[in-house]
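These notes are about the structure you will find just below.
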Amino acid sequence: MDRVFVLIANRAVTAPFNLNDLPGSAGRMDIVCRFISQSLFVSHGIRKNVTAYIILKGPPDPVKSIRVEGSQVRYLAPDERNIAGMINKALKTDVGEGWTRVSPGIFISSKGLDDVLKELSGRNIYYLKETGKDIENVEVSRPVFVIGDHLGVSEEDEKSILEISEEVISLEETAYQADQCVTILNYILDRREHDRGM
């Protein structure tokens, strides 16, 4: 099953940053890097059926979004520093309203969350929140999972998500980190595919 993951990175910077300070001056870019890694990488390979979107909402520029296509990406390793270097390269690229290709499978845009959700409106949007319905009781299809970072999701963003979402879901009531959520979701979907013989 192809799947899309969207991370709202509330403090992740929108300009080039110091690779030696991902948790600090880069605005918790370490969370972003782990999210991308856990979305896409498996042992000895990359998931071709996954696309990851990162909504960068930190300073100094207006919001920017990064898209990573598992089916196209090349020259990317799973470690934080390598992924951070890719993000830095993207942030040095001129950004417009459309998607600008930075390298194979890596794109950047000035789109915000609303624009990205509209772009994905042909799919089913699932908002991950601790108080949502247990995913074990939800049959998902053509999923887009929207996940907040360590700060969660702002009221404004949550309103936008709820207007378009198919379901609010949870991984029980435990508050996992964003990258852990992706790992669990990938595992659940992989198991469902396996059980169906897909």
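The backbone N, Cα and C atoms fix where each Cβ goes, and this holds for glycine too.
Cross-referencing Leu120, Leu128, Leu162 against the S-adenosyl-L-methionine binding annotation in TrEMBL, which names Gly148, Cys181, picks out Leu128.
For Leu128 (S-adenosyl-L-methionine binding site), other Cβ atoms within 10 Å of its Cβ number 24. Between the two most distant C-alpha atoms of the annotated S-adenosyl-L-methionine binders (Leu128, Gly148, Cys181) there are 10 Å. Each of Lys129, Phe145, Val146, Ile147, Tyr176, Ala178 belongs to the same chain as Leu128, Gly148, Cys181, is absent from that list, and has a C-beta within 8 angstroms of the C-beta centroid marking the S-adenosyl-L-methionine site.
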